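Going by Swiss-Prot, these are the annotated features:
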{"type": "BINDING", "residues": "Tyr37, Tyr168, Gln172, Asp175, Gln190", "note": "L-tyrosine binding site"}
{"type": "BINDING", "residues": "Lys254", "note": "ATP binding site"}
{"type": "MOTIF", "residues": "251-255", "note": "motif ''KMSKS' region'"}
Amino acid sequence: MDIEERIKLVLKKPTEEVLTVENLRHLFEIGAPLQHYIGFEISGYIHLGTGLMAGAKIADFQKAGIKTRVFLADWHSWINDKLGGDLETIQEVALKYFKVGMEKSIEVMGGKPEKVEFVLASEILEKGDYWQTVIDISKNVTLSRVLRSITIMGRKMGEAIDFAKLIYPMMQVADIFYQGVTIAHAGMDQRKAHVIAIEVAEKLRYHPIIHNGEKLKPVAVHHHLLLGLQEPPKWPIESEEEFKEIKAEMKMSKSKPYSAVFIHDSPEEIREKLRKAFCPAREVKYNPVLDWVEYLVFREEPTEFTIHRPAKYGGDVTYTTFEELKRDFAEGKLHPLDLKNAVAEYLIDLLEPIRKYFERHPEPLELMKSVQITR
């Protein structure tokens, strides 16, 4: 596989942004060690925005010949008050539920979970020189920049926070350099931390990424954040600027079960959630169901996606590209309920291996029922 084919895999949907493609090409050309990582807070049940979006991208990285790593951010979850702020509970959930759920998610999206390295943050944070890296990075970042970066924790700028949360962004940047990561991967909401990593890369004294004497800047790959199924906090949305302002409130949330489908939901739960989903007729710009169709169903194109309808409503229709489906929906030729039903059945089939695994091994879900899921 040549360099351009590997770059195409990195750019493939659900990727929304690569910082930068030029640097990615440079890393390929000089033969630098390609180490990917994506970090997750341990905060509750895995929904499709976490499991399938990240799983799909991990599969792409593997096909491009890049080593993949999932970072189970237990300390970060503790700092951010997840699972009641209990570190031992967070660690137990990370290893007994989250790791297994991500392995299964990667598998259904075409990846090889056995080739993914899972690392618990504690394993590296307890080494003394990790904190040298945190301080080294911190000395190159202003306090105002850190305050602007707390949005990576799902916090709002100006929100009252404890001091530990100001350390979090610098830890996230340190995770990249301490692990020798050349490709930092996350959802678009983690962009601020990755931009800091790129900017400080050549200034670091402790754990810079060096290849043949050159200090390397990491590449940041940001995937699309699936919209939650709930109605937006404001409707109609009048402009792209307005959409950007409320987009964080429109993503899937573990604390709002009807905004998300979880990887182990039953067929009945999936159908009910899609039935209740916000999907206004002819609306193609701010429509969560269409968003899911674009990034889950039509990740690969062409793909055959059949929508079953009674003959009196036009009969079955098959689409091979998202643009075809989007056009029919915009013109009112495709009814929202028919689309919702088809997406529900698609997800039921896609998630069947995960569902069956947890039916055979119920212990992880039993553990989750016993813990306090916060935020």
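Heads up, the Cβ atoms here are built off N, Cα and C, so glycines get one too.
Remote same-chain residues near the motif ''KMSKS' region' (251-255) are listed as 43-45, 47-49, 189, 225-229, 373-375 (criterion: CB distance under 8 Å, separation of at least six residues from the stretch ends).
A straight line from the CA of Gln190 (L-tyrosine binding site) to the CA of the residue listed as 'ATP binding site' spans 18 Å. As a whole-number mean, the pLDDT of the motif ''KMSKS' region' (251-255) in this prediction is 75. In the structure shown, the C-beta of Asp175 has more C-beta neighbours within 10 angstroms than that of any other entry among the binding-site residues Tyr37, Tyr168, Asp175, Gln190, Lys254. Under DSSP, the residues of the motif ''KMSKS' region' (251-255) split into helix, strand and coil as follows: 0 helix, 1 strand, 4 coil. Look at Gln190 (L-tyrosine binding site): DSSP puts it in a helix. The L-tyrosine-binding residues named in the record, Tyr37, Tyr168, Gln172, Asp175, Gln190, extend over a maximum Cα to Cα distance of 17 Å. Counting only the Cα atoms, the space from Tyr37 (L-tyrosine binding site) to the residue listed as 'ATP binding site' is about 23 angstrom. Cα spacing between Tyr168 (L-tyrosine binding site) and Lys254 (ATP binding site): 21 Å, rounded to the nearest whole number.
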